Amino acid sequence: MRMDTLDSQAADAAQEEEIQRKLEELVTLAKDQGFITYEEINEILPPSFDSPEQIDQVLIFLAGMDVQVLNQADVERQKERKKEAKELEGLAKRSEGTPDDPVRMYLKEMGTVPLLTREEEVEISKRIEKAQVQIERIILRFRYSTKEAVSIAQYLINGKERFDKIVSEKEVEDKTHFLNLLPKLISLLKEEDSYLEERLLALKDPALSKQDQAKLNDELEKCRIRTQAYLRCFHCRHNVTEDFGEVVFKAYDSFLQLEQQINDLKVRAERNKFAAAKLAAARRKLYKREVAAGRTLEEFKKDVRMLQRWMDKSQEAKKEMVESNLRLVISIAKKYTNRGLSFLDLIQEGNMGLMKAVEKFEYRRGYKFSTYATWWIRQAVTRAIADQARTIRIPVHMIETINKVLRGAKKLMMETGKEPTPEELGEELGFTPDRVREIYKIAQHPISLQAEVGDSGESSFGDFLEDTAVESPAEATGYSMLKDKMKEVLKTLTDRERFVLIHRFGLLDGRPKTLEEVGSAFNVTRERIRQIEAKALRKMRHPIRSKQLRAFLDLLEEEKTGSGKIKSYKN
């Protein structure tokens with residue numbers, strides 16, 4: 001009996017030692033990884049360690065050691081975050097600038113925002129949806145909404161507004177049928193609005209009993225409910241309804257100013273008849289505005305406070321969704337670098353696409369937000385590149401044609417091993433050779449003359465281009481010497497001979513004149529001028545004179561072949 005007890009104690013000690021060793025193994029693994037999974041705990045612990053109480057003790061022990069226990073799904077998510085963090089760190093290192101560089105700071109700050117699970121995305125979307133419903137409900141209480149809706153409906157009927165910009169198309173099955181119903185809907189709204197105005201004016205009657213007031217208020221509430229139902233039949237997009245809200249806020253400011261004016265006049269009205277008259281006028285003005293709004297001042301203030309609160313909640317939820325998906329923008333934007341826009345510009349354009357995706361996301365369809373947002377972000381980035389990347393803007397459809405031609409050229413080059421001719425490329429794509437040449441010409445990127453060459457920044461591209469309009473110093477010196485020598489030689493001729501040569505060859509202003517034009521200056525015939533010119537040229541060919549000018553023949557030949565013009569030699 002004693003031996004059995006000793007054997008049992010020895011077995012318990014061995015088992016306890018094994019458990020201790022396994023726990024140490026768990027802690028070591030957790031410290032190496034920074035966490036441990038439930039699957040790893042089950043693998044490491046011995047099979048005998050299977051009761052819930054024992055497992056709980058192990059989990060309590062690990063918690064006391066600050067060891068994080070995760071599910072396998074959490075581990076995969078954590079690995080994905082680490083991978084993204086490394087990518088962001090690499091981008092931050094590659095982005096130029098000092099530690100306070102905006103790109104670096106943006107990437108660093110963005111990396112601290114955790115990603116959302118599908119459940120969290122749905123929860124945020126529900127918050128946005130709830131806020132939008134409440135915003136719409138409050139805005140449609142005001143008579144301003146009726147006037148705005150009727151105005152927009154008239155624009156739709158007359159074709160002055162795009163249907164998809166105003167109406168939520170998912171709510172409308174038949175566009176033609178909807179447009180045919182609009183006139184009837186407008187008529188019903190106007191009737192309800194007139195009825196509402198009549199009841200509001202009737203409430204002002206001081207002779208009304210409490211019972212009549214209660215009856216009128218009840219009728220008013222029913223009228224408002226019917227009006228809101230008709231307004232919802234317009235199926236306006238949420239951003240259009242929010243535009244109605246801008247009218248409400250603008251009117252609210254004028255209400256507050258009028259209320260302040262009334263409060264100031266109340267103090268002075270007791271001892272000043274003029275102030276009392278102004279107070280009465282201000283109160284009448286306030287009443288007219290209350291009728292125009294369809295709400296009393298107190299109701300107006302209460303509704304606006306609620307409207308602002310729900311708008312803040314909507315913005316907060318949208319901001320949370322956007323900030324949690326900024327990494328998605330980075331992952332897409334980095335694929336479009338070196339296409340004419342800076343990385344920061346690509347991020348900004350992608351963020352605008354992300355915000356549009358948040359506005360239009362429908363969580364009930366079942367897909368993840370990132371799947372839906374990818375298309376909006378990509379569209380925003382590619383559209384920005386098409387619109388802004390080039391100095392001379394190329395339409396989006398032409399960008400697609402250029403890409404098609406470039407892809408076709410690349411394919412033919414891989415098949416044939418040489419650059420395809422316009423004829424070969426046109427045959428492959430169904431274009432004429434001239435069309436292919438035109439597309440290639442459009443695809444060329446203009447280069448700024450101020451573009452820096454090299455890393456030093458000391459020289460620009462324009463410094464390496466020849467300016468044919470500027471005279472070289474050697475030519476300028478040569479022509480200056482020729483001009484001086486020509487003056488000396490011409491002085492050896494008579495005044496008439498010198499005048500004829502200067503004007504016949506354009507030595508004065510660079511424009512040669514005809515015999516008739518020179519003859520009119522001397523009032524002689526063309527033949528007489530020709531004789532004077534021939535005599536003067538014979539004198540110029542004399543060795544004494546021609547010897548002085550022969551050295552400049554090369555300069556004159558170069559000038560004739562270069563520009564085809566003769567320079568003037570005027571002082």
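Along the chain as shown, the residues are counted starting at 1.
Using N, Cα and C of the backbone, Cβ positions are placed for all residues, glycine too.
Annotation source Swiss-Prot lists DNA-binding region at 515-534, citing sequence analysis. Using a Cβ-Cβ cut-off under 8 Å and counting only residues 6 or more beyond its ends in the same chain, the DNA-binding region (515-534) has close neighbours at 496-497, 499-501, 503-504.
Helix first, then strand, then coil: DSSP counts for the region 'Sigma-70 factor domain-2' (321-391) stand at 55 helix, 0 strand, 16 coil. The annotation region 'Sigma-70 factor domain-2' is assigned in Swiss-Prot to 321-391.
The region 'Sigma-70 factor domain-3' feature in Swiss-Prot is assigned to 400-476; the stated evidence is sequence analysis.
Feature annotation from Swiss-Prot assigns region 'Sigma-70 factor domain-4' to 489-542; the stated evidence is sequence analysis.
For the motif 'Interaction with polymerase core subunit RpoC' (345-348), same-chain residues at least 6 beyond its ends with a Cβ under 8 Å from one of its own Cβ atoms are 103, 106, 329-330, 333-334, 336-337, 381, 384-385, 388. Annotation source Swiss-Prot lists motif 'Interaction with polymerase core subunit RpoC' at 345-348.
In terms of DSSP secondary structure, the region 'Sigma-70 factor domain-4' (489-542) contains 35 helix, 0 strand, 19 coil.
Taken through DSSP, the region 'Sigma-70 factor domain-3' (400-476) splits into 44 helix, 4 strand, 29 coil.
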